[in-house]
Amino acid sequence: MTYLQESSRPAVTVPKLQAMREAGEKIAMLTCYDASFAALLDRANVDVQLIGDSLGNVLQGQTTTLPVTLDDIAYHTACVARAQPRALIVADLPFGTYGTPADAFASAVKLMRAGAQMVKFEGGEWLAETVRFLVERAVPVCAHVGLTPQSVHAFGGFKVQGKTEAGAAQLLRDARAVEEAGAQLIVLEAVPTLVAAEVTRELSIPTIGIGAGAECSGQVLVLHDMLGVFPGKRPRFVKDFMQGQPSIFAAVEAYVRAVKDGSFPGPEHSF
């Protein structure tokens, strides 16, 4: 099978992502939870593999990400790492595992020992101290602002963020704060295209969009979503890349191409 062929591409590192942003090369990111898919995604040249707390939804059948534990993320991170992908491995810190900088560091150490090369957690200005604490201790950090699914109850549902002038200003403050604290990557979720574009222009680090328009430095989707494996209503920002493709590998290749050439996301996938 094609995806089992050896890849000669160099490993994707944190500095490599920054170089891609500066060169104008889009970053293709997907969630991944096991060794088999890690190998397949790597052969398709996915740049970043995210062990997301979305596993609570797509693997465990949960309605939110809140029940996912640190042990869950560590287990799936180890599964992905065993495939030795050349992609950068990023792992989520689940709800309740980064309430203090010390808690966040202990959680990050566990995930990095499992094979993560960067950790991601949700929040803006209020997490700047935590970001700085981790970065000073050699833990690369990806921040996540906009619609942060762990805050679903505080938001009153899964709603687009930054639609008002005040909301957009706060989102920009959040993004600047985590960058100044040392975050090397930031996810913008469910953010109006114009707001995400402004954030991307204002920051010097790469931005990864999901429902945030095509002006971000890269894109991320949940693997199951982009393969058409989702219950109920499909989110606006999702495209089913399995349509018209002969295999999962071909669908992932199509996703990577679409991100790289800027054809995904289109206006129909944005806010």
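Cβ from N, Cα, C; glycine included.
Around the Cβ of Asp92 (3-methyl-2-oxobutanoate binding site), the number of neighbouring Cβ atoms within 10 Å comes to 32. Residues or ranges marked as 3-methyl-2-oxobutanoate binding site by Swiss-Prot on the basis of sequence analysis: Asp53, Ser54, Asp92, Lys120.
Look at Swiss-Prot and you will find Asp53, Asp92, Glu122 tagged as Mg(2+) binding site, backed by sequence analysis. The secondary structure of Asp53 (3-methyl-2-oxobutanoate binding site), as reduced to three states from DSSP, is coil rather than helix or strand. Sequence-distant neighbours of Asp53 (3-methyl-2-oxobutanoate binding site): residues of the same chain at least 6 apart with a C-beta under 8 Å from its C-beta are Thr65, Val68, Asp72, Ile73, Asp92, Pro94, Phe95, Pro149, Gln150.
Non-local neighbourhood of Glu189 (active site, proton acceptor): His144, Val145, Gly146, Leu147, Thr148, Pro149, Gln161, Gly209, Ile210, Gly211, Ala212, each in the same chain, at least six residues away, with C-beta under 8 Å from its C-beta. Look at Swiss-Prot and you will find Glu189 tagged as active site, proton acceptor, backed by sequence analysis.
According to its DSSP assignment, Glu122 (Mg(2+) binding site) is in a strand. Shown in sequence order, Leu50, Gly52, Val90, Ala91, Asp92, Leu93, Val141, Cys142, Ala143, His144, Leu185, Val187 are the residues of the chain, 6+ apart in sequence, with a C-beta less than 8 angstroms from the C-beta of Lys120 (3-methyl-2-oxobutanoate binding site). Rounded to a whole value, the Cα-Cα separation of Ser54 (3-methyl-2-oxobutanoate binding site) and Glu122 (Mg(2+) binding site) is 13 Å. In sequence order, Gly52, Ser54, Thr65, Val68, Leu93, Pro94, Phe95, Lys120, Phe121, His144, Pro149, Gln150 are the same-chain residues whose CB sits within 8 A of the CB centroid of Asp53, Asp92, Glu122, the residues recorded for Mg(2+) being left out.
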